[in-house]
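Colleague: Quick one: the structure is below, questions incoming.
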Amino acid sequence: MEHFWQKIGRLTPFRPKREELLLPQHDIDDNRPDHDVPGVVDYAALETLLNHTCDDSQLYAMALTHRSCLQDADEPLISNQRLEFLGDAVLDLIVSEELYTQFPDYDEGLLSSNRAKIVNGKSLAAFARKLDLGNLVIVGPSADKARIRQSDATLADAFEALVGAIYLDKGLDAARAFIRDKVLDETNLTKLTSSEHNYKSRLIEYTQARQLEHPRYIVVEESGAEHEKIFLVEVRIGEETWGRGSGSRKKEAEQHAAMEAITAHTELDI
């Protein structure tokens, strides 16, 4: 657990002690008769979903409490918004770590774009629906009438908050295992990156469909010291230069050149 806080220590000056977390006073009820009672969690169903016991039940109750409960409850409650903030950071770390490891030739721009495809609200809501997480989310009566429990925003927020709860309750390894099982294993990373960001492959498909010559990538300039070179690459089709790109690696520069070529031809859909 300390390993994670060392990584993001730049974002937080210290880690709060457990007694300083100010957890909400939710009740846990394995035999909950009414799903819509604020602060009551279907604990047995939650443990089945997580495939582990919940040592700190208050954290999970908080993670599943929608902010609408604050408006409808007679006594003070705490919603899942703070845990959502924490879970978002944990998700970003684990997904970034996976992409960094799997795609060593990608620069920070491509890595960020691919991460955004995985951890955006619509994607997280889809992961939450696969878990049937909406049926565990606690909402206020007025919000339930509006069917807010199954909205993308509610589901995505609950998913992130749940990740935050797992991290605080079980540690980084447990959070990583959950994200691998419920997010990364459900995502074809190779297909995602090739279909969205492998501009070289898309440019080849474009030229083949139109019976054009195969794209050629030519290094036209190298600059910088030996250990920190920058390559400038042109992509040519026939004798025409279609795009230019630069990068610290030739493959990276080629991808950028292909991206410029695609962008320059407006009939191509990026």
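The backbone N, Cα and C atoms fix where each Cβ goes, glycine too.
TrEMBL entries are annotated by machine, without manual review.
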Colleague: Using only what TrEMBL says about Mg(2+) binding by ASP157, GLU160, identify which of GLU84, GLU234, GLU239, GLU240 is listed for that site too.
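Modeller: Answer per TrEMBL: GLU84.
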Colleague: Give me the CA-CA distance between ASP157 (Mg(2+) binding site) and ASP88 (active site), in Å, as a whole number.
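Modeller: With the alpha carbons as reference points, the distance is 9 Å.
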Colleague: Within 10 Å of the Cβ of ASP157 (Mg(2+) binding site), how many other Cβ atoms are there?
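Modeller: Looking across every protein chain shown, the total is 27.
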Colleague: Between GLU160 (active site) and GLU84 (Mg(2+) binding site), find the distance joining the two CA atoms and give it rounded to the nearest Å.
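Modeller: One finds 5 Å between the Cα atoms of these residues.
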Colleague: Within the domain 'DRBM' (198-267), count helix residues (DSSP H, G, I), strand residues (E, B) and coil residues, in that order.
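Modeller: Reading the DSSP string over the domain 'DRBM' (198-267) gives 29 helix, 24 strand, 17 coil.
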Colleague: Tell me, roughly as an integer, the mean pLDDT over the domain 'DRBM' (198-267).
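Modeller: Summing pLDDT over the domain 'DRBM' (198-267) and dividing by its length gives 87.
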Colleague: Let me know the DSSP-derived helix, strand or coil state of ASP88 (active site), please.
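Modeller: ASP88 (active site) sits in a helix per DSSP.
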